[in-house]
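Chemist: Per Swiss-Prot, the feature NADP(+) binding site maps to 80, 84, 166, 189, 190, 191, 192, 193; the stated evidence is similarity to another entry.
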């Protein structure tokens, strides 16, 4: 389905938080990382665990594709990928350029966090888009290589701790050094978002879409275990959604 035209004021609103304005992409050890997701007014990202919930208005959905145009990589946890079967490609292109025949060139590289090897590239929407030239093949983060290595997939083997999670700092460094990803947008899901919110030193910016809806107490909540403060805060108000851009205050 075609996306709506991008609101021009969104471009200037997002500009200070984009990787090209960081000024350190070639210098710092890790990539430029933003955390971006859509939530309800009661801080839910899904109505019920294990189900897909559309929160964003079409104009902020276009904003998501604009962000994908700006970033080298896009990261999701395998739980969200198994539920949503996302394409993770980019359908936006600049007005002063002709419509591309295929969208792979403008799309970020998918990064799937799948330590236990639950997700398969074959049969996914990502594979369909890759085959048609409209998306890139993924990097799959695992704790050990699968018995059957899928064609066109790059595997990044990372050790996990006793809770089954990877070391985020090491992961970001490896994604830059091994795959040349200088900027990464992290889209979810809930476990990933909550975990990274507690590590403000790793997150360069937040871009949060707040939809005009309540999803209820059974929804999947975004709420870190500790207090998190923000700085450099900006708000944009759309037809139905509002968008918050900010940076996180590092722990003292």
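Note: Cβ is positioned from N, Cα and C throughout, glycine not excepted.
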Chemist: Check each residue in the chain of residue 192 (NADP(+) binding site) that is at least six apart in sequence and keep those whose C-beta is under 8 Å from its C-beta; list them in sequence order.
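Modeler: Residue 192 (NADP(+) binding site) has long-range Cβ partners 75, 76, 77, 80, 113, 186.
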Chemist: Any idea which of the binding-site residues 80, 84, 191, 193 has the thinnest Cβ neighbourhood at 10 Å?
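Modeler: Lowest Cβ count within 10 Å among the binding-site residues (80, 84, 191, 193) is 191.
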Chemist: Check the DSSP secondary structure of residue 192 (NADP(+) binding site), expressed as helix, strand or coil.
Modeler: helix
Chemist: Give the three-state DSSP assignment (helix, strand or coil) for residue 166 (NADP(+) binding site).
Modeler: strand
